[in-house]
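Peer 1: Take this structure first; my questions come after.
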Amino acid sequence: METIFAQSSAFGKAGVAVFRISGPKSLEVLQLLTGRKDFKSRLMYYQQITVPETKELIDNVMVVYFKSPGSFTGEDVVEIHTHGSKAISIMLTNALLNIAGIRLAEAGEFTKRAFLNNKFDLTAAEGIADLINAETIMQHKQAIRQASGKLEALYNNWRSQLLKMLSLLEAYIDFPDEDIPDTVLNEVTNTHTILVNTISEYLNDNRKGELLRSGLKLAIIGPPNVGKSSLLNFLMQRDIAIVSNIAGTTRDIIEGHLDIGGYPIILQDTAGIREESSDIIEQEGIKRAINSAKTADIKIIMFDAEKLDSSINEDIINLIDENTITIINKIDLIEASKIFSIENKYKCLRVSVKNNIALSSILKNIENIAENMAGFTETPYITNQRHRNYLQQALSHLTAFSLDNDLVLATEDIRMTARCIGAITGVINVEEILGEIFKNFCIGK
């Protein structure tokens, strides 16, 4: 196995920059850079590092050596903590590249080596990636749970039950002359029923984990000049959309990213929707606005208090569902009695974006819907489309299983189900079945 290195921290000015080295030559490389031979594992040392060929000083650093297998990758690992300087990073990188037998790591290669050395399964590796990319508290909670092995435990439990079923079926087929009780098939049937129901229910999760991981799309919809761009700017706390009294100013979809109550929200300001427009570009913007609303997870539909009749057109009303927040904007410009019927009919919030009236209620409603759609629970969710694909395949094989069919074919359905679950965690080894057979039965008794 080659020895690899990379700067683990971001390149640029910082208090500290961290370099990681992993592989059989890690300790030798550290000795070359420092001129010191005696390094104990898991102790931090204050050292000077120099260019091995010229002995030019690179930096005064802190270094630590992790002896295999007690490291992140399971290999010998060295970490070098330098000052966070671009010049130091370049000098150390060049010095390492000039040492024989060491190369720059590929993206994700340290984590890949950790997986190959059985430090964790594929779901935990994906959890680490999600943890690095997490931008909100709820994303962090989901990622840390996955990285700590909660998903692995769930899938391994299902796979263990499948292997038990498989061992019982294999024994029933391969050892017909042995004294195997008929209750074996009853146990298989009961486990099969439980797993079908459990996995079916697990898949029927409204993609909560995936929504939390990728972010919930929120589209702001309404007629022209109703205040959509002003609302977007308020939510983003900065001007990212042009605000104008001229109808049709927003022609395309404008996006912004927001953290509301710990949930990642992808805001989309859209072109104003009106029934007639002679402008070809605006027509395309309206078409995109409607499509954006149809694919959005959450919608804010805005009505103009001064122009309620023109605000409420069929295209907009048809977009309302249980995840829609309807608001009447510009309430400061009209008497409350004039909007009462519409307010009640569509359960609208009464706000004034311009004068910052009742805008906190919009944030609270967004948070409530986000929590309902992607709220964190103790049961681990599916967080990745890869997992969902394999689980759907597993359920398909599991559903096809029937003891009324050929027993060999039925056994193959269970085998394929176990392989699909194993593919999620990265553990696929049908030889485990043999161990299950001898563990559960005394063959030749």
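Placed from the backbone N, Cα and C atoms, the Cβ positions cover glycine too.
Here's the feature list from Swiss-Prot:
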type	residues	note
BINDING	R20, E79, K119, K445	(6S)-5-formyl-5,6,7,8-tetrahydrofolate binding site
DOMAIN	215-371	domain 'TrmE-type G'
BINDING	N225, S244, I246, T249	K(+) binding site
BINDING	225-230, 244-250, 269-272	GTP binding site
BINDING	S229, T250	Mg(2+) binding site
Peer 1: Just the number: how many Å between the Cα atoms of K228 (GTP binding site) and K119 ((6S)-5-formyl-5,6,7,8-tetrahydrofolate binding site)?
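Peer 2: K119 ((6S)-5-formyl-5,6,7,8-tetrahydrofolate binding site) has its Cα 49 Å from the Cα of K228 (GTP binding site).
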Peer 1: Any idea what the model's mean pLDDT is for the domain 'TrmE-type G' (215-371)?
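Peer 2: Computed over the domain 'TrmE-type G' (215-371), the mean pLDDT is 80 on the 0 to 100 scale.
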Peer 1: Among the binding-site residues N225, S229, whose Cβ has the fewest other Cβ atoms within 10 Å?
Peer 2: N225
Peer 1: Going by C-alpha positions, which of the binding-site residues (R20, E79, K119) is nearest N225 (K(+) binding site)?
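Peer 2: Looking at Cα distances from N225 (K(+) binding site), the smallest one goes to R20.
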Peer 1: To the nearest whole angstrom, what is the C-alpha distance linking R20 ((6S)-5-formyl-5,6,7,8-tetrahydrofolate binding site) and S229 (Mg(2+) binding site)?
Peer 2: 46
Peer 1: Mind checking which of R20, K119 has the fewest other CB atoms within 10 A of its CB? They're the binding-site residues.
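Peer 2: Fewest other Cβ atoms within 10 Å, among the binding-site residues R20, K119, is found for K119.
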Peer 1: Tally every other Cβ atom lying within 10 Å of the Cβ atom of K228 (GTP binding site).
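Peer 2: Here the count is 31.
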Peer 1: Let's check the environment of E79 ((6S)-5-formyl-5,6,7,8-tetrahydrofolate binding site): how many other CB atoms sit within 10 Å of its CB?
Peer 2: 21
Peer 1: Could you tell me which three-state DSSP class R20 ((6S)-5-formyl-5,6,7,8-tetrahydrofolate binding site) falls into?
Peer 2: strand
